[in-house]
Every structure is written in structure tokens, then in C-alpha cells.
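A.B. asks: Feature table excerpt (TrEMBL):
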- 102-193: domain 'CAAX prenyl protease 2/Lysostaphin resistance protein A-like' (DOMAIN)
- 26-45: transmembrane segment (TRANSMEM)
- 66-91: transmembrane segment (TRANSMEM)
- 97-120: transmembrane segment (TRANSMEM)
- 132-151: transmembrane segment (TRANSMEM)
- 157-177: transmembrane segment (TRANSMEM)
- 189-208: transmembrane segment (TRANSMEM)
- 228-251: transmembrane segment (TRANSMEM)
Amino acid sequence: MIALLVGVAAVVDALAAGMATGPVGGLVGGGLGAAFAMWVYAMAVRATERRHVMELLPGREEAVSALWRWTLAGLALFTVTIGVIAVFGGYRVAGWGSFGGAVTVFGTMCAVAVVEELLFRGVLFRIVEEMAGTWGALLVSGVLFGAFHLVNPDATGWGALAIAIEAGLMLGAAYAATRSLWVPIGVHLGWNAAEAGIFGVTVSGSGAESHGLLEATMSGPAALTGGAFGPEASVVAILVCSVPTVLFLRMARRRGHLHRRPRRASQGGTTADVQVAGAAVGCS
């Protein structure tokens, strides 16, 4: 399934890039790419695991509502991060950018967030959890999520480690706590969309020029700004994201979702998990 989703990721990336020639193209390309990836994931789960895709439940209306709420949470999280960096002089707004550019970024990031969360939390996390328990899944999926970003043009070892800590652990903890993929997808989307689409800064060492709502400059020590990799390599991002990570882990412990022993794939699809996911996606 991992190989299948990696192939899907390449197709989705090409689709989003090819259509992201403007706001409409960005939204359509990103939306189609995200929908295609979810369809492939659902078909693969049903074919290989013989179960319903509980991690993408509850129903459509509740899922959309949860997605927007957690997207706003991700946006707020990055706003706090860049705000702290700005207070210490590392970020400065130079003027207005492009509203159309912000919309294009949002569409593209829809595909990015969905594909990466399906791959790292939907597939990798669950596979490792079956063999090594939840803590093993958090560690392995987090480390590999960070390593995944080493392919970016401006990637650094520190940047990959920072992403593994701040995002890999946080998004893994979000899934562990709720057993719903809509939560990490929303947080991931909101963070990336705010980073490039609103505040106009580099995402994960991608090397791509940002065309967001704001034109901005970053200056100062790399520990503060993240350097060429972007704010995700900032110590500030690690500290800010550690707060929701701890909260998600506490939530997971209260709900009995931290499994020390290997758990079978079928256990992830119980009625109880669906009920918990339905309640959890409404939390903020």
C-alpha cells in the first residue's frame, strides 16, 4: 500500500502543479488531487484489509465541518509561531502580496496535506503500530516524515529533525488521540496554507518562491528564523508545536489510545473507535 500511495503522490503532485496556473486551477487541481488520493486509499484499505475506512469517518457533513475547524487550528498555530518570530525581529511584512496567489497556494496545499497524511498517518503509522505499539508508531512515522523532507532543494539535517519533532510527532499524536485522519489533515493544511499562502514564507525548504497574501522578509539567526529551510526549522516552531503535541498525547492516554502492545489492524476499525472519532473531530 505504501508503494501505491507513493505513486499516487507523484501523480497528485503532477496534477496539482500542472493545474496551479491561477486561483481556479490551483483549487481544482488541488481538490481533484486530494479526492483522488482519498479514493485510492479507501479502495486499497478495503481490498487489503477487508474493512471500512473508519479513519475517514464520520459522515461527509461532519467530516467537512471537522476539516475546517482543524484547518483553522493549524492556521492559528502557525500564526502564533510567526508572531513570536516577528516579536524577536525575525519576520517583517514588506507589503501586500496576491490574493489570487494565496488561493492558489491553498488549493495546492490541499493535495499536499491529504497525500502526506494518508501516507504517514493513514498507512505508515498504522502498520508500525500493529508491530511496535503506539509509541513505536509515533517515533518511526515522525522520523520518516522528517526524512521525507530531505529531498527538498533547501533541505538541511536540522530542518528534517525539526519537522520530525514539531510536525511528525504532533500530527501522529493528533491521529493517535482521535483515530480520525481529518484532524491531522486539517492541522497540516492550515499550517502550510498560513505559512506560504498568508505570511509568504518558505515551506519546508521547498525552495519555491512564495506568492502569498503578504510580502515579507525574514532575517536574523537561523535558530530564530529557520534560515533557508523556513520557519519550520526554527526553535520557536518546535516549542510552539510541543504544546498541542502534549495535549494530544494526554487526550490519547485518557481515551486509552496509547497501545504498548501490538494491535491488529481490525482493532482500528471497531465501532468504539468510530464513536470516539465522531466525538473527537468536534474538539478544538
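Including glycine, each Cβ sits where the backbone N, Cα and C put it.
Automatic prediction, not curation, is the source of TrEMBL annotations.
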A.B. asks: In the same chain, who gets a Cβ under 8 Å from the transmembrane segment (66-91) while lying at least 6 residues past its ends?
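C.D. replies: Non-local partners: 180, 182-183, 185-195, 198-199, 201, 216-221, 224-225, 231, 234, 236-237, 240-241, 244, 281-282, 284.
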A.B. asks: Could you break down the residues of the domain 'CAAX prenyl protease 2/Lysostaphin resistance protein A-like' (102-193) into DSSP helix, strand and coil, giving a count for each?
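C.D. replies: The composition, in the requested order, is 84 helix, 0 strand, 8 coil.
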